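Listed features, source Swiss-Prot:
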type	residues	note
ACT_SITE	SER91	active site, proton acceptor
BINDING	GLY92, SER93, GLY259, THR260	substrate binding site
Amino acid sequence: MSEELTLQLIDLHAGGDVSRIVTGGIDPLPGNTVREKMEYLREDADGLRQLLLSEPYGIPEMSVDLLVPASDPEAEVGYIIMEVMGYPIYSGSNTICTATAVLESGLVPKREGHQRFILESAAGLVHIEARVENGVVEAITCEGLPSYIDTYRASIHVPSVGDVTYSVAYSGGFYAMVDAAELGFSLNRDEEARLAECAHAIVEAIQAERGFSHYTLGDVGPLPFLHFMGPVEQVADGFFRSRSTTYVHPGVICRSTTGTGTSARLALMHHEGTLQPGDKLETVSLRGTGFIGEFTGSRQEGDHRVAENTITGKAHMLARSDIVINCNDPLVECGSLHHILTSGHRRTEALPVEEEVSLSD
């Protein structure tokens, strides 16, 4: 009888984007930091990402977050983000889902009211504030990465689209920021397929023309994201709202507006001088879901004025499950995965033994 290989998952969604939190079934990864463990997965064990984001186990529109031990003693746990485009060092929606999962699993004890704790992403420490009411995690507020404008109102000719004006923001990944109305979109759900086609063409054109380098991280690869911006409506003093849509290359229109997309929009509004510290922006997706970003201040980093911000959203629990991996299945590719799998339901070292029962219930 062949050995049974399994992964333990908690599935949640934030704004419609599903995050699959891997809580067990993976051996300890090489690397002294979360960033080094992420790089090991990317270079030597990309099969985990491919497995859970491909049929028959998943689809590219999902994300995966692997819990790993934190390297910083301030953090409760580390997490590695995986998406269709690869390994972003940060994501707001994935952070909201991961923070909710560690509370719902008991890894971080849940308390009524407001509580704070720290997670460790590949980008560094992330401060979390959770709001718990009647035992339910009603909201997670997490730090957005310091965000800035790399390019403001450049122009490019895109075959099948025409001349496109775009800005580029960094908020955990580089985003092309485009005005939806200028491209003929109202940001309604029935436009989803055309939005994906348009974004694909624009991103391909920008990637072919130029690359982008972060002021401390250096080359972080080709531009992976595009954010369609609707008009901004002021709904109260210091509170704004805008329909928005985020595209992830290749081919994915996000269900939510995304946390990093919201941070990128805050950076652009700050660059244009329309925000004051404490101002908030609610981005609203094609499905009517939203995140609230708050501009908390700015500082100079080299040649860039970075916008500090927080993102608030709610994650909804979907499932706790054991995924059975059969490497004899012709639809399952285990070549870049088998060497990190643990047999027999053993938890990853990120999770204490005493939490095993509550996580597998």
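Glycine residues also receive a Cβ, built from the backbone N, Cα and C atoms like all the rest.
Sitting within 8 Å of the Cβ centre of GLY92, SER93, GLY259, THR260, and not among those site residues for substrate, are the Cβ atoms of TYR90, SER91, ASN94, THR95, ILE96, GLY144, GLY172, SER256, THR258, GLY261, THR262, SER263, PHE291, ILE311, GLY313. Proximity of THR260 (substrate binding site) to non-local residues of its own chain (separation of 6 or more, Cβ distance below 8 Å) is seen for PRO88, TYR90, SER91, GLY92, GLY144, LEU145, SER171, GLY172, GLY173, TYR175, PHE225, THR246, given in sequence order.
Counting every protein chain shown, 32 other Cβ atoms lie within 10 Å of the Cβ of SER93 (substrate binding site). Around GLY259 (substrate binding site), the same-chain residues at least 6 positions away in sequence with a Cβ under 8 Å from its Cβ are SER91, GLY92, SER93, THR95, ILE96, CYS142, GLY144, PHE291, GLY293, ILE311, GLY313.
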